[in-house]
Amino acid sequence: MTVVRLPDGTDRVFDNSVTVREVAESISPGLARAALAGKLNGKLVDLSEQIETDSDLVLITDKDSEGLEIIRHSCAHLLAHAVKELFPGTQVTIGPVIENGFYYDFSYERPFTPEDLVAIEKRMQEISKRALKIERKVWDRSRAINFFKDIGEHYKAQIIESIPDNEPVSLYSQGDFTDLCRGPHVPYTSKIKVFKLMKIAGAYWRGDSKNEMLQRIYGTAWVSNEEQNNYLRCLEEAEKRDHRKLGKQLDLFHTQEEAPGMVYWHPKGWVVWQQIEQYMRQTLAGNGYVEIRTPQVLDRSLWESSGHWENFRENMFITESENRHYAIKPMNCPGHVQVFNHGLRSYRDLPLRLAEFGSCHRNEASGALHGLMRVRSFTQDDAHIFCTEDQILGEVTKFIDLLNQVYINFGFSETLIKLSTRPLKRVGTEDQWDKAETALATALNQKELNWEVQPGEGAFYGPKIEFTLKDSLGRKWQCGTLQLDFSMPARLGAGYIAEDNTRKIPVMLHRAILGSMERFIGILIEHHAGALPLWLSPEQVIILNISRNQAEYAQLITDELKQSGIRASSDLRNEKISYKIREHSMQKIPYLMVVGDKEMENRTVTVRGRAGQDYGAMSVESFVVRAQEEIAKRL
């Protein structure tokens, strides 16, 4: 007898062993048709999985997040099947699920074209309609290796060769196509109905640039056409908001081949940068931070002591002078410890919060560079807090308050939080880890925040909290971090005199709110579609005259606004007013002031918003009050 317990607490009793599909059939025909897989004692399995002992079972349908992931995984196999049918001789490699879709890497004699993608997607639809049964089989390792070698799939054979000898290998077949996979998968290809191939890119085998270049085909799959259409519309909107396009359109910045991964900031873009930096500088000072500046080039010996030379050297720019090796700093922490070490520290000095807008360089692969989002030269809003173990909770709590306020002021209302706990390989005592993890969790709970644990994902030197923003398109951007460090202070000789007159090593909290200034500005541009809030806009007001008669009056208003601290300019060209309004609205300038004979006579201005809002006529003084209130509130 086999007892299967369902999520509602009811039991289904069977005389013998039973498959997951048979359990679904025993409940209702509708559920049996809808079921895609099962979660047996917490593990995802196929509908064909045999239940031999008393078990807990959750049936997975396309209404579950796991169901959508299984559909996408199966769609990756559908893609590989279609490619193999259309392009014999192609070798398949790996095809995982990613956020909002999947990809599959292929080795083929020529590059795939956009026309090929259309043909592949059409063949995928045909295979879906064949309603092929998807079957799992388990072979021993040697049989699986020989099978894939015999059919010319040498990449698959390599993957299996890396699997331990005694571990069985699972394969999935649909029609005459067989692939290596752990599963689970949908029961029939007809369950994969809504999908679209998106693009082709290059990818190295096993992610190693020393290996051969493969072709990666990206796709997306959904439960319904409505969901897919919404996603595609979102992508379309994201394309319009691409910070690289808007950066050019709004004359904010550019990059060029002579300085890959490094940004040329134009006057308007640098105004945005300065506004953010000034705001952060004032905010940090108001929260007990002191600002420092540390060298960008440091001797190899310091990087060896910190551990970066051993673990991070391939990402560092190295130079040599007078028979000494140096590295341009990829991060600021070793330099901050040197400032802490300069002079005798007492427990009375703690917590000490050292902040720096630190310029860093990392030797990122050229293929990974992407506008402002992935660069080689960047500035971090970095800070390190040196404190005692007993001060961790208080410092974490204060940092969370600070971070939340900053994000709100930049227009982000939703933050996702993850706590990464101790990994298997780590430094520090169990007691230290217990205290640190408890302090981080307690701080999050005291703030009544929703958060999730990432077990074992902490760094070897301490647990961390990650803060991820959601933008106006629902995309996620991991920006803020708070990282405890039990290792670096000791490695670099940091210490303080405790209350009992003994020397102790401080706890070091690495923390950032924006992350990289460059990346955060890119996120802001896309979040606001280039229409930055008034306080951040490089140009806040443009004054437009209708004819030459008002040119002098328009210039007078411009000067008056500038004297009031408003970033204003005038367009006195002899062009139609409708043309000038359209042009400056495209430049995302928040306020457009129109002056004609009537406004000049009444000593007023007619105010329009960049999105076409009509605020009517008002005095310059009234507008200044309105604008200054908006700037102060950071709206």
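Cβ coordinates are placed from backbone N, Cα and C, and glycine is handled just like the others.
Worth saying up front: this structure is predicted, and the values here are computed from it rather than measured.
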According to Swiss-Prot, HIS384, HIS510 bind Zn(2+), and the residue from CYS234, CYS333, CYS479 that belongs to that same site is CYS333
Find, among the binding-site residues listed as HIS384, HIS510, the one whose Cβ has the highest number of other Cβ atoms within 10 Å in the structure shown. HIS384
Taking the Cβ of CYS333 (Zn(2+) binding site) as centre, how many other Cβ atoms lie within 10 Å? 21
Across the region 'Catalytic' (242-533) the predicted model averages a pLDDT of 94
Where does CYS333 (Zn(2+) binding site) sit in the DSSP three-state scheme? helix
For the domain 'TGS' (1-61), the DSSP residue counts stand at 14 helix, 25 strand, 22 coil
